[in-house]
C-alpha cells in the first residue's frame, strides 16, 4: 500500500475549476471508498500524488497546502480553485519546508484488488504544523489587474460646479459616520456602488478642513476622479496637494494642479500647513508623514490581504494620528488582515444596500438570466474542450438574447484567467462574433485602444477580460456581464454585477448572465453549486432577492432561463432550492438569525416596541418572505451580539445596528434586561414591605405581571415573584408525567436577596420540602404551609372581586384583559400584536394571529 497526498478531479468539479486535495494511507483504494462513490459517479482520477513514508506525513502536507491556499479554498471543503500545476508546485514546496520525503507521481494509476481494501487508522483532525515555516508560501489573490486598470482607464466627467442637493441617505450616512468617528475614532461606510460615497466623504471631511485631511485612493485615475468631484463640491485647489506618479497637469475650469512624488516637498508642505487636503494613491503613501486629523481610505477592501507592510497597508499599520474613515461597497473579511479587525477599521457606521439605490432611482436595475448548457452536435475528445465549447455557445446565446431588445448591446465577459480569455476569444472570432480582449500582459496603449473601441462601437460587441474591468471602470453604455467562470468572493461578485448599473436616461435594465452546465436532461442539484456563492453575495446586497428565495410566489424577482427546453419553472425551482438548502438539500441556510435582512427584522422589533409598547415575547412569531420564524430566536441573538459589542468582544453587530437598537425606548434596561428586572423589583419589594408593616398584601402570580414598557412597579414585581414561585420546584418530568417536585432553580444570589428582604419581616417565601421533595398530594398539589407569595395571590384573587379600585391602581387594565393576553386592549382587539409561533411534532410551523378572532396566517 502507498500512503500519500493527492489531488483528484471529477468531471462535475472540473467544470468549476475545482480540485479535491486529500491524504490517505492507501492511494489504491481511496477513490473507491464511500465518500467518493456515494454522491459522485466513478469518474474520479488522480491529477498527481506525492507518495510519502507514512499517512501522517501526507496529512501534514495536506494541512500545509490548505493553509497556503486558504484564499482559493471552498469554505469548509477540501476543494481548491487552482490549477493542478499550481497545487503541485505548492505541495512540493510545503513538503520541502516540513522536511518530508516524497515521490512525485504524475497522472498515477494504482491497482485495486481485495487486498487493498483495509480500514485506515484514524489520525487527529488537526495535525501540528509550523505555520511560521509556511507563511512565505501563502498564495495571495493577484489583484494586479485591478490596480493596472486604475492607472490606465480614466474618462473625465463633463460636470461643472453647480448647486448639489444632497440625498437624504447621504446626509444620514455623513451624520452617522461623523458621530462614530467622534465616538471611536474609526468608521466604515458600506455603500453600494454608484450611490455617492465621495459626496458623503466630502460632507464628513468638511468638518476637518481647519486641519489636515488625507484622502487615499487605489490608483491615478481614481485620484483624478476624486479631485474632480471634490472640486465640483467646492474644494479650493489652493489647499490641495496631490501625491502620485503622473506628472500631467490637471486642468479644472480655470484652475490647474500637478501631482508630485518629491518626498522633501511633500513632507515640508504637510508639516508647515495649518490646513491641507492631501489626495494620494496608496502606492505613493510611503512618501507621506504622519500628521493628519482625518484619513479617508477609499475602496478600503484593497487594503486587506496578508498581514505585512506594503504600500496599501503603510498608512493603516504605521500612522498613529487622526481619525480613520473607510469607504467601500464590498468589505473584505476573508484575509489575515481583514475588516473584521475592529481595532484597525472600526465597524460599519452606515450601510446602504444596492437594492435601495435601485429603488431610489440612482442605480440602474438588472435581471438575472441563467444560461442552460446546449447540446453539442458531436462528442468532443476531452472534458476541457467540451466545457470550452459549451461556454462559447452560452456566450453567443446571451448576446443573441440582448439583441432582441437592444440594437447594439455591449457585454463584458469575466473569465477565470487570461488563458481562458484567450481561448474563448479565439473561438468567438473564428465563429464571426465581434469580440475584443484585454488583459494586463498587453501594452497600455493597446488596452486603451481596445476599451475605446468597445465603448464607441455601434455594433453588438463582447469584451473578454479576467479582472481588468471589475472595479472602478465606467462604461456608460454597458448592458450586461457574463460570468464565464464561477466566482467565490462576494467582493468580486458584487463589483462585477455593478459594472453595467450606471444610471442613464432611457437606458434599459442590465442583464447578469450565469451559465450553468444544466439542461432538461441532466438536472441534479450538484450542477447548481456554482451559483450558490453568487446568490449568497447578491442576497446580502438585495433583500428583495432574499425574500424571493423564501417565497417566490409572493415576491417577484427578474430571474429566468435562456436556452432551456422544457419546464423553465422546474429549473427555477431547483435553482432556488439549491441556493436555499445547498446541493445536499438538508439545512435551510437562509433563515439563520445572522442571515435575516437587518432592516426587515429590526423594523418588526421597532414596530413591536412602538406600537405594542413592549419587547418581544418568547412565543412571538415573524412572517418574512414566506418563512415562518420564531422571532425570539433572532431577538436573543441580537441581545447576545449587542452585549458582546458593548464588552468589546467579537460581535456580529456593526455600529449602525447598535445605533438602531439604542434608538429604541428603554433598550438598555427593558430590551436587554427583560421586563422583570431583578434588582429594581427587589428594591421596590423592600420599600413596599417597610411601608406596609411587612405585609405583601396582593400579588398576581398566575398571569405573571405585565411585560409592557409602561408597567407599574407592582406589575413588574408580580412577574418576578411568578418566576420565583415557578422555579421553586417543578411538577412534571419527561413526557408530562407527574412526579414529586424536587427542583429548585433559583440562583443562589437571588435566594439570598429573598431571604434577606423577607427575613426582616419573618415572612416565609420558600415552599416546604421533605428530603428535598416538595410536600404534595397524589395529584401533585402542594400541601405544605402557604408561602407569603401564595397568601398574597389569594388576596389578589379576592380583591379582583371585592376591591377593583385597588387592582386598577396597581394593575391598570386588568379588568379589560390586558394581563390575560399580555397585550394592550386596543392592540389585542385590532389584531396588531405579533402572531403567536407554534411548532408541531411533525415539523410544521404555524403563526396564529393574536386577536379576539384568532386565525392561522401561515401553515
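Any Cβ shown, glycine's included, is placed from N, Cα and C.
The annotation ATP binding site is assigned in Swiss-Prot to 191, 192, 193, 194, 195, 196, 197, 198 on the grounds of sequence analysis. Applying an 8 A CB threshold to same-chain residues 6+ apart, the list for residue 198 (ATP binding site) reads 226, 229, 230, 298.
The domain 'Helicase ATP-binding' annotation in Swiss-Prot covers 178-349 and rests on sequence analysis.
The feature domain 'Helicase C-terminal' is assigned by Swiss-Prot to 394-553.
What Swiss-Prot records for 298-301 is motif 'DEAH box'. Residues 188, 197-198, 201, 215-218, 222, 226, 326-328, 330-332, 339, 345, 471-472, 491 of the same chain sit 6 or more residues outside the motif 'DEAH box' (298-301) yet have a Cβ under 8 Å from a Cβ within it.
Mean pLDDT for the domain 'Helicase C-terminal' (394-553) in this predicted model: 87. For residue 197 (ATP binding site), the same-chain residues that are 6 or more apart in sequence and have a Cβ closer than 8 Å to its Cβ are 189, 191, 298, 327, 329. The number of other Cβ atoms within 10 Å of the Cβ belonging to residue 194 (ATP binding site), over all protein chains shown, comes to 18. When Cβ atoms from all protein chains are considered, those within 10 Å of residue 196 (ATP binding site) total 21, not counting its own. Here residue 192 (ATP binding site) comes close to 329, 352, 353, 354, 356, 357, 363, 498, 541: these same-chain residues lie at least six apart in sequence, with C-beta atoms under 8 angstroms from its C-beta. All protein chains considered, the CB of residue 195 (ATP binding site) has 23 other CB atoms within 10 Å. The most crowded of the binding-site residues listed here (191, 193) is 191, judged by how many other CB atoms sit within 10 Å of its own CB.
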